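Contents: one structure, followed by commentary.
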Amino acid sequence: MELAKSFDPADIEAFWRTEWEKRGYYTATTDADKPSFSIQLPPPNVTGTLHLGHGFNQTIMDGLTRYHRMRGFNTAWIPGTDHAGIATQIVVERQLDAQKITRHDLGREKFIEKVWEWKEKSGSTITGQMRRLGTSPDWSREYFTMDEPRSKVVTEVFVRLVEQGLIYRGKRLVNWDPVLGTAVSDLEVVSEEEDGHMWNIRYPLADGSTYKFPIAYDEAGNATEWEERNFIVVATTRPETMLGDVAVAVDPDDERYTHLVGKLLTLPLCDRAIPIIADDYVDKEFGTGCVKITPAHDFNDYAVGQRHNLDKISILTLDAKINEHAPAAYQGMDRYAARKQIVADLDAQGLLELVKPHKLMVPRGDRTNAVIEPMLTDQWFVAMSKPAPEGTHFPGKSITEVALEKVASGEVKLLPENWANTYNQWLNNIQDWCISRQLWWGHQIPAWYDSEGKVYVARNEEEARTKAAAQGYHGPLTRDEDVLDTWFSSALVPFSTLGWPEETPDFKNFLPSSVLVTGFDIIFFWVARMVMMTTHFTGKVPFNTVYVHGLIRDSSGQKMSKSKGNTLDPIDLIDGISVEDLVAKRTVGLMNPKQAASIEKATRKEYPNGIAAYGTDALRFTMASYASLGRNINFDLHRCEGYRNFCNKLWNATRFVLMNCEGQDCGFRDAPCAAGDCAVDGKAGGYTDFSQADRWIVSKLQRTETDIAKGFADYRFDNIASSLYQFIWDEYCDWYLEVAKVQIQTGTEAQQRATRRTLLRVLETILRLAHPVIPFITEQLWQTVAPLAGHKMHPAGDSIMMQPYPEAQPGKLDEQAESWMAELKSMTDACRNLRGEMQLSPALRVPLIMEAGDTEQAARLQSFAPYLQALAKLSEVNVADQLPESPAPVSIVGAAKLMLKVEIDVAAERERLSKEIARLDGEITKANSKLGNENFVARAPAQVVAQEEERVANFSATLEKLREQFIKL
């Protein structure tokens, strides 16, 4: 296969992603003699397209999968998509809204058909994007969380949990999104501080009696003045919920009110009598020290109500309007319209004492931004703290208890380890899980009701009828309309994708999976729940390790979101996109269209020329370079450019190797070298003669292989990327290729063969090492390099994917060669620095004289001569007993002295040095003046101060050298 002159990723990627899949390389094996590696894809929501976070997450997962596949493991990466109940229903409802249609106009059955249509369209977009990213999951195992096999498992799990007493139905206070018309979990509620008001309202004593209320105190805190009152003052941020008040609570230690505990108040606007109660929940220092208690509309009040056996009066409908339990004057009003009217009515009756601005935490739905209402509704719950019955895997222990134990024992390991604290904290404070949602899209709850409301939980309607008949009921049954929380089915993925409840070969081979790669934002949503469900139903943990990575943010650290207009589509980084198309993409379909102008302005400023096409490999290398443990990632597009240059460097290096090796004897015989046949530095004559440089690059390769193996073991893809970059760019391309040129041009035939063999073998190994991170370019290059490097290609086609992953061979470490090369590098750098100091043109070749301390060193310096001549652009290199007297600068490397033999115009050089010394003096004075300014040091960013200090250090070092040269002149 001929290698193109330049690296053009598009055609290469299109060919290989089709070819790999066609050849069946992604399909998992279940060979009993092999170790297994399995990994679950966090199923992306079927609602749309992949974002940069997916690109990051999938780069890591694919890297691990390719690495273990090359190491000979049975490798199963299981892909799938999530039905994403709320999110998907919102998307489809918005589409209908554009046609002036509601889901209720269509009816449940027709609406669900529409959602399935959307799923088919969107799901294929997502899998197409995954393929573009070069991912290699076993597509034959692809699932959808609402496909038939998964739905059967969901039903089976639900029924079993009900039979075990671990799922129950009850009327409880839940987070209610009045726009969606469904319960949502705590994790789907975002609370942020907002500007609001505090209203102080007078609640009159029902019997009309009065009491003395202190209004002034001395320094010791004793009351000095009182006023006569026949009311108490309640402070609230939600006056509309007072219509559902059932008590007013005070601090048991608050002497202002203790004598009133037990008395009745008249609830304003409602003419109901409610008691004054004492409860530790109240803080006497906050507000007026009196708190209205509305158990049906506040979680804290609900707890107080439970302690005091209070009624629960719900005054809101499910769409947040005032209901029939409130006075007729407010019924049917929106909650905020009612608030306004209630405040006006209180004021008119002289019961509104004070209104003041107040900052408060407002809970909003993360999907709709609607203010969440605590609402008393009938819901289904999983009992998180109830002991499991006999016959389960962990009888006598709750599912939460088992989930905590599995992390504590190390059966499930979280990386970084600090995430275990977050996991434990959440589980130790867990509430029963509300799993029902008042939606149409999702797994419909497998429960049927008879005409009297009695419920029969069953795997299907026929089974429900059998259960009803057993209890003497033969009438019609109505199925529960609610669906399950999306996270319920997602929590079952570790075993629902492996054939459970059957013990299939997949189940035995791939559970627990080896690692879960996930962002910290779904530790609670998904990770903990998978541990609970998998241990409860299989007795096994779902995964051995959880690799928790940071979240991708924009370059300034802002969270990426559609509303901020700062999202990036990974495909746009691969293919490139014009600024016009990028603006259009970011401004279409905004929740708030008014944001379009500011988003367009910011986008044009940041990407005036759009985004260049970087290709998949450059994007993947960028992602890998960011993948340290745990921290958030400020994504900088310039890194993609740097890693595209890296891919170009690797491509061009391969072209150089091919040009020097194709059609040549590259040192490969059918049989391995006979004893003494493979020489080192000519010490044994024969077919190949390996130089110190050859052995150095092979030795460095072993160290790189060790570092990369550790990177994979520790999930430190940033270290893997760094090791690859440093070895390929710095060592192989910048140093070894340059040395190899010299050896091919000036060496004996045996040395040339050894050089070509080393060039090819190291390059072929590099390609296998880098393949898990940059699969496309490595495959394309390997196809041309491998046959030359002695690899026998399979007649039906071969692939780097199926080759063994390189492993370090300690026997090939060579510290002597490494020492030799380190000295050559120092010598080369010294020569280059001398050229710089003397301001010699890069085109000018000058002689080098080296002074050796003894005969042995003279021979060593002589071995460097041909390399130095090429690397430092010298006309000749001479080794002498002593350097000649000359005003030219001298560099010392170890015991050797180096001088460039150049005629110097002493007068002109003194004048040049004088000017340069004066300039540097001025720069140092200016910089020191800045650093001596306290305001500058205090106010400037630490990075700027450090840069200024570094400038002073560099200028000072250069100045010292120039002064030494000046003295010599």
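Even glycines carry a Cβ here, placed using N, Cα and C.
What Swiss-Prot lists as motif ''HIGH' region' is 44-54. Tertiary proximity for the motif ''HIGH' region' (44-54) is limited to same-chain residues at least six positions away from its ends with a CB under 8 Å from its CB atoms, namely 81-84, 87-88, 91, 118-119, 122-123, 125-126, 129-130, 133, 144, 519, 551-552, 560, 567-570, 573, 635.
For the motif ''KMSKS' region' (559-563), same-chain residues at least 6 beyond its ends with a Cβ under 8 Å from one of its own Cβ atoms are 51-53, 551-553, 586, 589-592, 595. Per Swiss-Prot, motif ''KMSKS' region' is recorded for 559-563.
In the three-state DSSP classification, Lys562 (ATP binding site) falls within coil. Lys562 (ATP binding site) has a Cβ environment of 17 other Cβ atoms inside 10 Å. The ATP binding site annotation in Swiss-Prot covers Lys562.
Using a Cβ-Cβ cut-off under 8 Å and counting only residues 6 or more beyond its ends in the same chain, the coiled coil (812-839) has close neighbours at 692-693, 695-696, 698-703, 735, 739, 846, 848, 850, 860, 863-864, 867-868, 871-874, 888-889, 891, 893-894, 896, 898-900, 902, 912, 961, 965. The coiled coil annotation in Swiss-Prot covers 812-839 (among others).
The coiled coil annotation in Swiss-Prot covers 904-969 (among others) and is backed by sequence analysis.
The average pLDDT for the motif ''HIGH' region' (44-54) in the predicted structure is 84. Counting residues per DSSP class in helix, strand and coil order gives 3 helix, 1 strand, 7 coil for the motif ''HIGH' region' (44-54).
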